[in-house]
Structure formats: structure tokens, C-alpha cells
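Here's the structure, in C-alpha cells; my notes come after.
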Amino acid sequence: MGCSSSKPAGNKRPSGVGQRMSKTEVNQRIDSINETCATTFGGVSVRYAYLSQRGYYPDDPYKANQDSYSLTHNFIGRESDAFFGVYDGHGRDGDKCAQFVRDNLPPLTASIVKKELQNEIKNAVSNGEDSDDLSKSMELPKDVLQNVLTKAHVMCNKKMHACKDLDDTLSGTTSISMYLHGNRNKITVSNVGDSRAVIGRSTDSILKKEGASSTLKAFALSRDQTPYRRDERIRCRKSGARVLSLDQIEGLEPINEDEDEEGNGEGDMVLGEEIDEGGDPPRIWSPNGDYPGTAFTRSIGDAIAEELGVFAEPELISRELTKEDNIIVLASDGVFEFLTNQSVIDICAKFTDPLEACRAVVAESYELWLQYEMRTDDITMICIFIDDVGSPQGSTTKDLGVVASVASAASGDGVDDDLISNTARPVRSTMTAEKSRAIMMAKKNMSRSVRDVTEFEEEDFDLESLFTEKTAEEKASIAEAIRASVMFQNITDDQRELIYKAMEPMPVKEGQLIIKQGTVGDRFYIVDEGRFEVRIVPESKLAEEGAVGNCVHVYEGSRENHSHPSFGELALMYSAPRAASIIAQSDGLLWALHRYAFNKVIAEQSSKLEAEKMLKKIDVFKSFSSDSLKELASSLCEAKFSRDDVIINEGDVGDSMYLVLPGGSCKSVRTSKNGSESEVDLKEGGFFGEEVLKGGPENKYQSTVTATNKMTCWTLQKSDAKRVISSLRKEGATNMA
């Protein structure tokens, strides 16, 4: 049977530290298909690609890639069948464990499937059916096939334990695999550990309601097997395991001994904020010591952890492919540490070539690892574009029904579930404590880069001075780059347009230093065109003159290929030392977004959304539509006042009303006809001066308002209010006509 598989990564060192690496040397970190493969399996036409990038470890920069993968055509001797797998090794011999499963799981599975098929054929022949026809068309029933796949994983695990070429005492691998049965248009996904399978489906009506950024919605084809899952915790605890995070082991977090006892809540842990905030997930520990510390509850290998319930039995899901299914991704957890399933599908959906999709997802994952960690994980991905799903071809089976099931190895019960809604492991959005400490240390000795930092205060920043009009093509390039970024996921259309305008075009020359490691930066960059290498200097050598470090990654932008990677996203949140240097390998063009510009866009638009709510409370605007309120809010201007400033005077003719912004407070004093004074304190959300908007030019303020602290207000001029009211009247007249 034809196949493709990962190759053991070499540990060849670059030709010279600090010298520019050749393209060959850079690509030694990356193992990928040369070009996308287009093929048909039975009734399913697909194009697929794969890419695996070795991680970066400062203490071991030449560490072997511990991920492996396999792609097998003509599986079990049938052109209609295929087997895809991704294996994520861990521990000292993790690379050997992943390679072992890569080399043994597919043939073991094929051997057992063939044997079971022969048994099915014998039974059918004994009932008078033709054996020649059956050998080509016979398919295993779903329950039999899932039992076969479980058996293959368990046998592979036992075989690894017996292998003398590796030590799986404290090493092992996850496995996520997909068996494609092309004659039936069906897939069976087997999962051991926390690698993941995801499918992108066309569900236009749902996506339009949700305001999604692509036409595909992501659904999980696997569920992470980690201590976040209550059922997995209970199962491992029954084997004697302790389930604790590292902080709990060290006494920095409380331990809830009865969290899984009856009556103490249902479902999975919600530890994303409490325990996993800095990349500290719950782990499996022996009752006799602080080992093995696995962050997953199933694996192949890990002989010691197996005694604590960490076994190799997979969970499985079988389902039929339909024309709504567009993209399938199998990937190691290096992809999903910081990216959601939907983000991965969104990135893939931007491309017409699955190889370009692989490159984009891996590049985005790598960048996020560098932002939040001192290292990056190995990152491996298989991307399958489903071009067509025909009618199921002739096949014989006792189970042609399309029912997805997750086989529970713990209970033996199948749980009917079309697609899995929860993967039970939070996406991280904060950096590790180690990374935070490194930033704090670097800040003490931080230097400023002339290229990367602007010398002015945020309050003096003029957003409009950066505005440049962008073409539709330029906007599309920027939109592609920011679509999957967490920083930009919840922005409004108005905010997006302002961000387009605020992006500064930055032509660069070959050899130009864009970012220097260790310097503070305040810009986020998008690669429009050009090739840029990422270099990291070990912390111990950072102070050495001229040190630029080893090349660990390359960003390549191309309008032709719709590829626009980005870097420096962390600078949009706060001033932090750059984690790596970025050097242009060719002439090119970058788009740069300043942190102050980003903050102003987000803050101003958020404030104006609040302003719309505030305006709605004012009598004169209560009948306004949301569009009219939005137009009014867009006319608001900012005004700042110091303590004891008199903002308006009772009796003065006025032309503006005021809305008090957060942090502000003022005192309103009004004189009655009998000469007595009434005093009102106004705080955030308060408003005054609205009386001048109601009538003619002689309208006067009816109170005196004085600032009681340093404050900021939105102001709305009478002329702007009249303009909106006038347009409303015209619209009403048109509608009546």
C-alpha cells in the first residue's frame, strides 16, 4: 500500500551562529509535502497536504521533532480506503515513540481489518453469497470496525512496551487518526490523548446569525482526553492517581479533595482561569511520588502512567461525509494550545490550497507560542480539502446507518452524538510565569529601538494623522491576516475600517532589521510581500555585541498566494521586550499598527457604543432608531476638564450637551424661581445641557455645572442633532409617500 510518513528529524547545526541561514537550513526545521496531493477515494474527491515544524527549545535548540505523521493510500488493498494519522511524542524517547506508532499502527490496523473482513465473508458465503463479489464490497459493521481499531491501538501499545529500541517508561505518544472508507463516504476517527481532529462544515444560516468570519463552522471530531474531563479524572483516580496542577503540588493553589464526589457538581472542570491561566493544567501523579505528571489521560506508551489509568484505548466517532463537509484537520496540540477549532478552520478557509493552509496555521501557532512562552512546541498538521462527495458506491455491510458514536472505553457504552461540541481543554490566552519573569527582567535593562518605538505619550497620540486610504485589495490582505487573531475577533465593522486606515505602509529592504530581540516594541506587523526570518539569541548571549542568534522560523508573504502572516501581536497589549529578532530576507512591504492606534480605536468605539445607550435615555432621543443613535454617537467629540472648571453657566446661550465618561464627576446647581438652589451630583453615564437641543437659537442652559475632578465628556453640538433629526423627518416623509 502506498504511503507517506514523517522522517526522523536530523539535529544538524546551522553553519554559523549569527549568520544568515540558507533556505535549505531553514527548511530542515520543516517537513512537508512538496505539493498538494489531489486524489479520489471511492466517492470522495480530496486534496490534502501535511506540514510538521520542529519546536524551539532555548535549552536544547537542536532537539529532535517529536511529532510524526502517516498517510496511507490503498489501505487494506483497496483504492477506496485511506488512513491518516498524527502522533505527538513526549518524554526522553518521545520521538522514537511517535515514529514507532507511525510505523506500526497503520499496518496493525490493516491486518486486523482484513482478518475481520475474511470472517465476515466466510459467514456470508456460508449463507450462499458469492465470495468474489464480497471480497470487493464487504464492509465491517460500525461496532466491529470500532472494536478492531481499539484492538489495534492496544496491540500497538503492548508492542511498544516490548520494543528494546526505546524506553517508554516515562515516554509515549498521542495518536489522532482517521480511517476513510471511500465506498461508503464514511470516516472513523480514533483518538488517544490530546491531539485533535476538526471538520469545517458549510452552515451559512447559522454563521450569518453568529457574525462568523468565514462560511465554515468548526466541529470537533475528537474530544481531548485530559484531566479537565470529569469522567477521565474519575477513571484515573479509581486506578490510584492523584490529579493536581503543578501549583497545587507546590502548595500555591488549594486542593479540592471532593470535587468529583457525588453531589459536588457535574461535567468538566472549568480551570481555564484558575489553574491553567499560565499554562499549568491538571496532571496525573502517582500516589507514591511526584511522577509521571502527564497532562493527558490516554496515550500509547507511558508504562508507569498506565498503572494510573493512562491507557491506550481510543475514543472513536464514525460518521458519513456529506456535501456540507469542506475541510478536515488532524493536528498535534501544538496547533490548538492558543488557537480555537474555529480559528484553525477560519485560517484554512482563506486558502484554495491545503498546503498554503498548513503553512498559515503552523506559522500563526508558532508566533503565538513565542508570544506566550519561552519555547514553542513541535507543530504538525494534516489538512484535507473535500472537493466532492458522491453517492455511496456498492458495498455490503450489516450497518449502513449513519450514526456517529463516541465509544467509551471506560464504560463500554456508545454515546450517540453527531458531532462533539466540547473539547474540554481551554485555549490559553496568558503567558507562563517563566515568560512573565523574563519580561520583567528584560524591562530593567530594556533598550529602545528607533525603528520600533515612537517617543510620545498616549494621550497626545493623534490617530487621524496615521490614516491612509486603502484599496480593496489592501483591505482584503489585512483582513486575511487579522481574521484568526484573538485580538481582532470581537471588533465591530466600524472598528475594522478604522484599523484599516490606521495601518501604516512600511516598505523594507533586504537585510533590514525590523525588530530586535530584547527591545521594547509598540507595533504589530502584517507581511504583505516579502520573506522575513525569525532569529532568537539565547538569554545568556543577549548582551553580546552583534548577536542575532539562530533562525528558527521564516514568514513569507505573497499577494498572489493570499498569504499574509503577522508578528508582534503582543505589542498591542503592552510594552514588552521582543521575544525574537525579525530580519528581512528580501525587499518587501509590511503593514504596521501602533499600539496607541489600536487602543484608541477599541476604546473610542467601545465608548461610543456606551454613548448610544446613554443617548437613548435622553427624552429627545428616545424615539430614535439604532442607526440614528449610531449617527449621533459618531458626531460626539471629546472634551477634557480639570477640577473646579465651570463647564456651563446657568443662563448662558448654549450649543452643546454633555455626557459624562467613566471616572468623571461634576456638580450641577440649578436656581429655582424663588431663588433657592438645588444641587445634583453627576457621575459616569450622567448628562447635562440637553435643554439647548430642544428649541430655537435663544435656548439657554438651566443650570451651572462644575467639574469636581479631572474628567472627560462627550459633547454633542445642536447642529449635529438637528442634522440627524432633519434626516429622520425626510426619511419619514419618503416612507409615507
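For all residues, glycine too, the Cβ spot is worked out from N, Cα and C.
Quantities reported herein were computed from a predicted structural model and do not represent experimental measurements.
What TrEMBL records for this protein:
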COMPBIAS  255-279  compositional bias 'Acidic residues'
DOMAIN    47-386  domain 'PPM-type phosphatase'
DOMAIN    487-602  domain 'Cyclic nucleotide-binding'
DOMAIN    620-725  domain 'Cyclic nucleotide-binding'
REGION    1-25  region 'Disordered'
REGION    252-290  region 'Disordered'
Checklist outcome for this item: Reduced to three DSSP states, the domain 'Cyclic nucleotide-binding' (487-602) has 27 helix, 49 strand, 40 coil
Checklist outcome for this item: Over the domain 'Cyclic nucleotide-binding' (487-602) the mean pLDDT stands at 82
Checklist entry - Mind checking how the domain 'Cyclic nucleotide-binding' (620-725) divides into helix, strand and coil residues in DSSP? => result 23 helix, 40 strand, 43 coil
